[in-house]
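Taking it in order: structure first as structure tokens, then the write-up.
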Amino acid sequence: MAKRAEPLPDPACAASDIGQQIVRWLTHLRAERRLSPKTLEAYARDVRQCLMFLGQHWSEQVTLEGFVALEPADIRSFMAARRADDIGGRSLMRSLAGLRSFARFLEREGLGKVGALGAIRAPKVGKSVPKPIHMSAAKRFADASERAGEDREPWIWARDAAVMALLYGSGLRISEALGLKRRDVPPPGAGDVLVVTGKGNKTRMVPVLQNVLALIHEYVAMCPHSLPPEGPIFVGARGGPLRARIIQLVMARMRGALGLPDSATPHALRHSFATHLLSRGGDLRAIQELLGHASLSTTQIYTGIDSERLLDVYRTAHPRA
């Protein structure tokens with residue numbers, strides 16, 4: 001299927017020469033940098049919003065030449081306008097990152113250097129502390145019997161329990177768990193490591209507890225749909241790929257029954273995995289590897305070690321071990 005073309009900026013505020021370079025830049029990010037579709041969409045939106053602001057600010061179309069000649073005051077005015085629209089610090093940081101990425105692309109292509117962006121400091125952003133779910137409650141999310149009163153087929157209970165067990169038991173992102181193929185999960189007695197594809201299509205080895213594997217195999221045995229080796233292991237009621245929204249809704253219903261706050265989400269199970277490992281003596285760098293964080297600073301909000309060390313830390317520290 002052909003890839004969707006990125007929308008050009010509004011021609012009322014931006015000339016065709018800069019619009020064409022934006023399309024080339026986004027194509028480069030997709031093909032060479034392998035950024036996620038959501039990141040590409042956000043970057044494209046941020047740059048378009050900047051061009052719309054500049055077009056109104058200058059009362060003329062923004063050309064490539066005009067963009068290269070930006071003054072620091074122009075960027076500060078754009079950021080101030082975004083703040084006035086109640087845009088938060090993290091979104092402003094992303095906007096600035098997108099503009100800088102586009103500027104670097106123009107410079108590499110020999111189209112000029114946007115010096116104004118180098119004079120702008122990134123907005124300060126307070127670090128948000130993840131809210132882990134209590135250990136006993138986190139385990140209950142992976143217990144299919146907690147949903148015994150629901151009018152659902154037992155295989156769906158088993159499926160949801162297996163997914164949530166992976167989020168808490170192996171610290172996977174919801175996209176990583178739902179992206180697993182049947183062949184990615186070892187059959188009974190054939191190992192306890194998953195090869196997970198994370199952000200940027202990077203793969204990592206992730207240990208998986210035997211009781212989590214047992215839940216996955218129980219679901220597979222109960223599933224009425226065909227699960228070919230190259231297809232997704234987790235499927236929806238009609239046999240298609242399972243959507244993250246389904247698991248989010250399941251957790252929303254369960255957290256109400258368990259008396260948990262709205263912060264008890266699929267991603268909170270991943271946070272809980274890291275927090276509970278760390279509280280039991282897990283090594284910070286080992287947890288970084290398990291989570292697939294590119295930078296230790298990301299892990300330090302709560303979380304090159306060899307695979308045997310990862311397995312040892314995991315088996316020793318995880319509360320489900």
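Every residue, even glycine, has its Cβ placed from backbone N, Cα and C.
The feature domain 'Core-binding (CB)' is assigned by Swiss-Prot to 16-107.
Residues or ranges marked as domain 'Tyr recombinase' by Swiss-Prot: 128-315.
Marked as active site by Swiss-Prot on the basis of sequence analysis: ARG173 (among others). For ARG173 (active site), the same-chain residues 6+ apart in sequence whose C-beta sits under 8 angstroms from its C-beta are GLY198, LYS199, HIS267, ARG270, GLY292. Reduced to three states, the DSSP call for ARG173 (active site) is coil.
As annotated by Swiss-Prot, active site applies to LYS199 (among others).
DSSP assigns HIS267 (active site) to a helical segment in the three-state reduction. What Swiss-Prot lists as active site is HIS267 (among others).
The active site feature in Swiss-Prot is assigned to ARG270 (among others). Summarising the environment of ARG270 (active site), the number of other Cβ atoms within 10 Å of its Cβ, over all protein chains shown, is 24.
The annotation active site is assigned in Swiss-Prot to HIS293 (among others) on the grounds of sequence analysis. The Cβ neighbour count for HIS293 (active site), using a 10 Å radius over every protein chain in view, is 19.
Feature annotation from Swiss-Prot assigns active site, O-(3'-phospho-DNA)-tyrosine intermediate to TYR302.
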Structural state census, the domain 'Core-binding (CB)' (16-107) (DSSP three-state): 77 helix, 1 strand, 14 coil
For LYS199 (active site): DSSP state (helix, strand, coil): helix
